[in-house]
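*Asks:* First the structure, which I've put down as structure tokens, then a few questions once you've had a look.
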Amino acid sequence: MTGIRSYNRRVLVTGGAGFLGSHLCERLIARGDEVVCVDNYFTGSRRNIAHLLGNPNFETIRHDVTFPLYVEVDQIFNLACPASPVHYQHDPVQTTKTSVHGAINMLGLAKRLNARILQASTSEVYGDPAVHPQPEEYWGNVNPIGPRSCYDEGKRCAETLFFDYHRQHQLPIKVMRIFNTYGPRMHPNDGRVVSNFIMQALKGEPITVYGDGSQTRSFCYVDDLIEGMIRLMDSPAEVTGPINIGNPGEFTMLELAEHVVALTGSRSTIEHRPLPQDDPKQRRPDITKAKSLLEWEPTIPLRDGLERTIHYFRSHFVD
Ligand code: NAD
Ligand code: UDP
Ligand code: UDP
């Protein structure tokens, strides 16, 4: 039967070698899909997908989504985009291109195939929110010209494109607003708070809290997030989103630092550093829609998720 189209669903995951993408590929393969992973390896790595490489249902293509892509698939998960401020500010023009040109190319691909397409959007579309917690109806408070704008505005424009392809070309779309997510395979040096604090605690280095540490974030464990993503993709066609997926448990950065120190048994002390420009003061998802439309809510509390993540960092990056 080689060469003949099988009955398996064929799914494209852009950014499939990244943190979230690699977990998604794993879950899709586990349920019997054929997965095509597209990545330019800017922030992802082959190490993240090494365990999938021998699988006959998994294939990889080194490709930058800012260029057109011609493949034949039934569904598209568009995750390609650096997610950590350190990475997305490294080449901000490329970041905007990845979100905007990447969305146009993947939407063009989806249009040709009439394939379902899901966009990994972000809570950053709410900017430094004046409404708390954030429901999907909130339009956000985003600086269009600051250092975070390449990411925030790129993602906002991608949402615009998704809804215009939906209205103009009746494309079946799903837009997911992802709130801060953590877990194994986060890049140890990507500057995000969970990976920073864990690496610092494990190495006995000072924990770097930016500002006074009173700013809040809501942290979702990766397995919960991927479950929400798959449920959204498989939801009825009229559920387009945007839909918030995140864990409503809200913590200050000081609280997070204290949890990490306690769970690692570290002797690290806390050191304050300047607060980056435009750093949102608070963030917490309103997940009413995810609960009612997807029957989804997170199940893994911060403490359990941190323990699993600490175990991963300890075994992979620290002697
Ligand atoms: P990540 O940096 O680990 O993964 C992104 C992947 O995209 C990497 O493998 C990278 O190499 C690839 N990539 C980047 N630019 C590309 C391009 N032009 N062409 C092809 N591949 C490219 O980040 P992540 O945390 O896994 O995030 C995945 C997606 O989820 C991103 O779109 C991000 O914006 C979104 N998101 C993540 C979070 C979070 O907390 N992790 C929160 C909100 C939104
Ligand atoms: N595209 C792609 N793969 C496809 C089909 C389209 O990468 O299988 C790209 C194509 O290069 C184009 C973009 O998607 O730039 C948008 O496609 P669309 O059909 O919406 O626009 P048009 O081609 O008419 O500009
Ligand atoms: N942060 C911190 N110390 C660090 C890294 C980040 O205090 O070493 C803070 C950062 O200023 C922000 C929060 O933690 O208020 C979350 O930062 P992250 O970069 O993980 O995500 P984002 O700001 O995109 O939500």
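Glycine is treated like the rest: Cβ placed from N, Cα and C.
What TrEMBL lists as compositional bias 'Basic and acidic residues' is 269-289. Taken from TrEMBL, the feature domain 'NAD-dependent epimerase/dehydratase' covers 11-246. Look at TrEMBL and you will find 267-289 tagged as region 'Disordered'.
Thinking about packing and proximity, how do these listed features fit into the structure?
*Replies:* Broken down by DSSP into helix, strand and coil, the compositional bias 'Basic and acidic residues' (269-289) contains 2 helix, 5 strand, 14 coil.
Long-range contacts of the region 'Disordered' (267-289) within its own chain (CB-CB distance under 8 A, at least 6 residues past either end) are made by residues 85, 123-124, 126-129, 132-136, 143, 146-148, 177, 179-180, 200-201, 204-213, 215-218, 243-248, 250, 254, 257, 261, 296-297.
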*Asks:* Find the average pLDDT over the domain 'NAD-dependent epimerase/dehydratase' (11-246) in the predicted model and report it.
*Replies:* 97
